[in-house]
């Protein structure tokens, strides 16, 4: 096992419903350490840049509109195998297919408004974390 850092975003649908605290508590209860946190609103251009890997996918424009529709909460979590374990905590992309007790099952509305985003690989985390946080903003 190795200690990793991963990015998690609380998406606009969950922020609108004031679920940030519940989501943070849920992840902390699983033993992860919160090392960075900020609330912000992405512009459409920033959302397009962040999700550039999905540029050719049919849902790209709708995703970017949604992610820039309201405030989000960006977080960096640290822990043993954080990337894969936090993806398990988040659950399947589609809340209807997510396991009971996962964040998306608990708080997601549909496949688009599924409450949270998380880095899907070490390579993604290395790109996604610095998109939102400088080294000075990450507390050991």
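Just so you know, glycine gets a Cβ as well, placed from its N, Cα and C.
Secondary structure at residue 11 (ATP binding site), as computed by DSSP, is coil. In the structure as shown, the Cβ atom of residue 11 (ATP binding site) sits within 10 Å of 24 other Cβ atoms. The ATP binding site annotation in Swiss-Prot covers 11, 59, 87, 93, 104, 114.
Per Swiss-Prot, active site, pros-phosphohistidine intermediate is recorded for 117, and the stated evidence type is sequence analysis. On its own chain, residue 117 (active site, pros-phosphohistidine intermediate) has 7, 8, 9, 11 as residues at least 6 apart in sequence with a Cβ closer than 8 Å to its own Cβ. According to DSSP, residue 117 (active site, pros-phosphohistidine intermediate) is assigned to a strand segment.
Secondary structure from DSSP puts residue 93 (ATP binding site) in coil. Look at the binding-site residues 93, 114 and count other Cβ atoms within 10 Å of each Cβ; 93 has the fewest.
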